[in-house]
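A.B. asks: The transmembrane segment annotation in Swiss-Prot covers 25-45, 73-93, 97-117, 135-155, 190-210, 222-242, 258-278, 286-306, 311-331, 366-386.
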Amino acid sequence: MLLILAQWLQDDFGFFRVFNYITFRAVMATVTALLIGLAAGPWVIRKLSELKMGQAVRTDGPLTHLVKSGTPTMGGVLILIGIFVSCMLWADLSNRFIWIVMIVTFGFGAVGWVDDYRKVVRKDPKGMASREKFFWQTLIGLFAAIYLAFSVSEINNLKVLELFFEWVKSGFALDLPAKTNLLLPFMKEVSYPLGMMGFIILSYLVIVGSSNAVNLTDGLDGLVIMPVILVGAALGAFAYVMGNAIYAKYLLFPYIPGAGELMIFCGAMGGAGLAFLWYNTHPAQVFMGDVGALALGGALGTIAVIVRQEIVLFVMGGIFVAETVSVMMQVVWFKITKKHFGEGRRIFRMAPLHHHFELGGWKETQVVVRFWIITILLVLIGLSSLKLR
């Protein structure tokens, strides 16, 4: 919105030309989202408390968590407010990538909000039924995956729908002008051709998988938000490089017109995340809830797909991956041993992984900070792939 105003004024007032720089608007988006979150935080927390949006705590978990019972949840709304307002102010609203990431973010946020609402207000411990949640996640994820398959290229955005129908009529065999190769990090000009269907399937798995992985990681005060900020910032750097023809050519990346604008979204997400951390740091005044975790995870996955860094996301988000794998291993092993031995056995003391370390004697703050440190190292490894090829 401000970009439109600045472009109208820049001929008369030269200062407004600075708004044409993505880096400037990314910084301002970060600061704006941060200030909005810090200012609105007390009001949001107070309203959540008045509405009795208190988090129920598992009785079979670490005993230290029992004191958290009743802490307001659904604080992810605070993050989404900051992202929305900041992007509306600083992003180029004609950019299709901004809108698809916003749609996925707020779509998953809506799913999370319904899940939280049923858990907290209706006192239903299961929240949204697994099949219902999976249906809506699949609907949003497939929509984004199919759209991106036809738009991550230099085609006119208005042709996306037309090309989609042509692809369907061809029996999913039409060769379309879309960049669907899987880029292999640390390798110079090496990629794996996925084809249109392969791209759609991979994109869907990355978007939905990332959303659920971040949600599983959200279990301790401040645990998930810092990795989200760090990974988001790194993806913003990739977006800036691949959205710039000169930098993309120099670093041997495919040029994706318009991708650089995602740096503004990543900045807004980082600023809103820092504001949330101000109130979520131990002892937390508010929890993120599914409304925030599902939304942020979906955003990371979508951005990674757009900039073709799915494998790098897997590396940088190693904490999210480890948490998810720990749950999968625990469930599968429990079912197998129950079938063969009559009682279920566990690999971990408790899943997700952060609870395993808690029950092993680590304090909550130790788990959180150590997971942050691991994420910093993984993000640095991911960023090194910009040059080490």
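Note that Cβ sites are derived from N, Cα and C of the backbone, with glycine treated the same way.
What's the neighbourhood like for each of these?
C.D. replies: Sequence-distant contacts of the transmembrane segment (190-210), counting only residues of its own chain at least 6 positions beyond either end whose CB sits under 8 Å from a CB of the stretch, comprise 104, 137-138, 140-142, 144-146, 148-149, 167, 172, 174, 176, 178, 180-184, 297-298, 300-302, 304-305, 310, 313, 317, 320, 324.
Nonlocal intrachain contacts for the transmembrane segment (222-242), taken as residues 6+ away from its ends with a CB within less than 8 angstroms of a stretch CB, comprise 22-23, 26, 214, 248, 251, 253-256, 259-263, 265-267, 269-270, 273-274, 276-277, 280-282, 284, 288, 293, 296-297, 299-300, 303-304, 306-309, 312-313, 316-317, 319-320, 354, 367-368, 371-372, 375-376, 379, 382-383, 386.
Same-chain neighbours of the transmembrane segment (286-306): 41, 44-45, 48, 55, 71-80, 97, 100-101, 104-109, 111-113, 115-116, 127, 137, 140-141, 144-145, 148, 152, 202-203, 206-215, 217-218, 224-225, 228, 231-232, 235-236, 239, 256, 259, 262, 265-266, 269, 273, 276, 279-280, 312-313, 317, 320, counting only residues six or more beyond its ends whose CB sits under 8 Å from a CB of the stretch.
Through the fold, the transmembrane segment (311-331) approaches residues 182-185, 206, 209-210, 212-214, 216-217, 227, 230-231, 234-235, 238, 297, 300-301, 304, 346-348, 351-354, 356, 371, 374-375, 378-379, 381-382, 385 of its own chain, all at least 6 residues removed from its boundaries and within a Cβ separation under 8 Å.
Remote same-chain residues near the transmembrane segment (366-386) are listed as 185-186, 220-223, 226-227, 230-231, 233-234, 237-238, 241, 251, 282, 309, 312-313, 315-319, 354, 357-358 (criterion: CB distance under 8 Å, separation of at least six residues from the stretch ends).
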